[in-house]
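TrEMBL lists Asp52, Asp54, Ser56, Phe58, Glu63 with the feature Ca(2+) 1 binding site. The Ca(2+) 2 binding site annotation in TrEMBL covers Asp91, Asp93, Asp95, Lys97, Glu102. As annotated by TrEMBL, domain 'EF-hand' applies to 39-74.
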Amino acid sequence: MSLTSILSAEAIENAVKEFQAPDSFSFKKFSQLCGLTSKSPKEVKDVFQILDDDNSGFIEESELKFFLQRFVPGARTLTDAECKGFLSAADDDNDGKIGVEESFSPATEFLIMVQS
């Protein structure tokens, strides 16, 4: 499965272009631009699994760094500040990764992060 089977290639390209400058990344705005906020929980879970590069069930900071590149090869990496901001928005238990939290599935947690 690929991201373009869930999200429009054009929307992904436009979303990535919006955040070319270092320290300009906003996950909420990116999610809106690429169409992720309008997807079902199953589709969000599918995106989560694609972004979970090592299939650990978590998205770690090392995977966040290459977040934009998972959408468009050759896109810039996220800065350390962007990664830390991304994590602080989604990492409720402060374990340094985004994943299953008590009663939350990865899709639910990711969806909450997208919509917050």
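Glycine is treated like the rest: Cβ placed from N, Cα and C.
No curator has checked TrEMBL annotations; they are predicted automatically.
A quick note: this is a predicted structure, and the numbers were derived from the prediction, not measured.
This view paints the features noted in TrEMBL onto the structure.
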{"residue": "Asp54", "record": "Ca(2+) 1 binding site", "contacts (Cβ under 8 Å, 6+ apart)": "Glu60, Glu63"}
{"residue": "Ser56", "record": "Ca(2+) 1 binding site", "contacts (Cβ under 8 Å, 6+ apart)": "Gly99"}
{"residue": "Asp91", "record": "Ca(2+) 2 binding site", "contacts (Cβ under 8 Å, 6+ apart)": "Lys97, Ile98"}
{"residue": "Asp95", "record": "Ca(2+) 2 binding site", "contacts (Cβ under 8 Å, 6+ apart)": "none"}
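The number of other Cβ atoms within 10 Å of the Cβ belonging to Glu63 (Ca(2+) 1 binding site), over all protein chains shown, comes to 18. DSSP states for the domain 'EF-hand' (39-74), grouped as helix (H, G, I), strand (E, B) and coil, give 21 helix, 3 strand, 12 coil. Other than the site residues Asp52, Asp54, Ser56, Phe58, Glu63, same-chain residues with C-beta atoms no more than 8 angstroms from the centre of those residues' C-beta atoms, the Ca(2+) 1 site, are Leu51, Asp53, Asn55, Gly57, Ile59, Glu60, Lys97, Gly99.
Counting every protein chain shown, the number of other Cβ atoms lying within 10 Å of the Cβ of Asp93 (Ca(2+) 2 binding site) is 9.
The local packing around Phe58 (Ca(2+) 1 binding site), expressed as other Cβ atoms within 10 Å of its Cβ over all shown chains, amounts to 17. Residues belonging to the domain 'EF-hand' (39-74) score a mean pLDDT of 89 in the model. If you draw a 10 Å sphere around the CB of Asp52 (Ca(2+) 1 binding site), it holds 20 other CB atoms from the protein chains shown.
Cα-Cα distance from Asp52 (Ca(2+) 1 binding site) to Asp93 (Ca(2+) 2 binding site): 18 Å (rounded to the nearest whole number). Taking the C-alpha positions, the distance from Asp93 (Ca(2+) 2 binding site) to Phe58 (Ca(2+) 1 binding site) comes to 13 Å. Other Cβ atoms within 10 Å of the Cβ of Lys97 (Ca(2+) 2 binding site) number 19 in total over all chains.
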